[in-house]
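Report on the following structure.
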Amino acid sequence: MYGIEYTTFLIYLISIILFNYILKSITRMMDYIIYKFLLIVTIASIVVNAQNYGINLPITGSMDASYVNATKDKPFLTSTLCLYYPTEARTEINDNEWTSTLSQLFLTKGWPTGSVYFKEYDDIATFSVDPQLYCDYNIVLMRYNSSLELDMSELANLILNEWLCNPMDITLYYYQQNGQANKWIAMGQSCTIKVCPLNTQTLGIGCQTTNTRTFEEVATAEKLVITDVVDGVNHKLDVTTATCTIRNCKKLGPRENVAVIQVGGADILDITSDPTTAPQTERMMRINWKKWWQVFYTIVDYVNQIVQAMSKRSRSLNSAAFYYRV
């Protein structure tokens, strides 16, 4: 009897000792893993020169007063820069080697030959139909034209922000906008958009749903339209679908790898007053109009200051990708 009790006691004692040994082994192993992980993180944080994406620096106003002409210490050896300019710039310069000249000048600012691409567009309206922003950094030059202020403002709003878009079937469904970030964006050769707000009984408010001539016209024969209507109210739409495509879009936030430079004009276009723009600063600036050579020289001088206010983390943009997610 006593032998059985002693045996049971020994079994319990051995089990406790074995369990304690296993627990200590696991503890030592976990300590080793944790210490090794912390060591790797510490070394990586010292070696890696990470970029802070949380800062969106304003670069509005005149460059002559706000920026210092200097070359960035670390050239962008692995980055690409696209410079978009209107056809009138090439026409005025009238020099077949002008892009080569500018490439050599960009080299003095730390941009290797072949890293800067020159992209030409016909005019603001045409560019807005098919914007293609593929480089790590994209600088868009827009010559100010008082008759095109709306087009310039809408194009800037489009390319300076990221949008999540879905198709709209206006023949079958009514649509409403939910929140200030929700817009209807239309692109095409000719976009005419009419809307008819509806009450809770789906009857037109000031219009007849069966007669599009009574609808409220919000855009006429435009190539790019960002439509904003009263939130929370269903609308029936009439769109020239043969020459225009409309999407239901939500503004996600700033597209940080794009900057817009307004060339000339008394005042800079201000899209920051839009309540959907957060933070209330954008990568827009103005430089005084003289000659296109002078404009490009100014860009070369300040290119690194411009890029420092940007981030190359944003997605590329073209019209096809824009319709689904940009």
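Note: Cβ is positioned from N, Cα and C throughout, glycine not excepted.
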According to Swiss-Prot, the disulfide-paired cysteine of Cys244 among Cys135, Cys165, Cys191: Cys191
Recorded disulfide counterpart of Cys82 (Swiss-Prot; options Cys135, Cys165): Cys135
Mapped DSSP class for Asp301 (Ca(2+) 2 binding site), helix or strand or coil: helix
For Cys244 (disulfide bond), the one of Gln177, Gly206, Thr214, Glu216, Asp301 that lies nearest, given that the binding-site residues are compared by Cα: Glu216
Cα within 10 Å of Gln177 (Ca(2+) 2 binding site) - qualifying recorded positions among Asn145, Cys191, Cys249: Cys249
Integer Cα-Cα distance in angstrom, Cys249 (disulfide bond) to Asp228 (Ca(2+) 2 binding site): 11
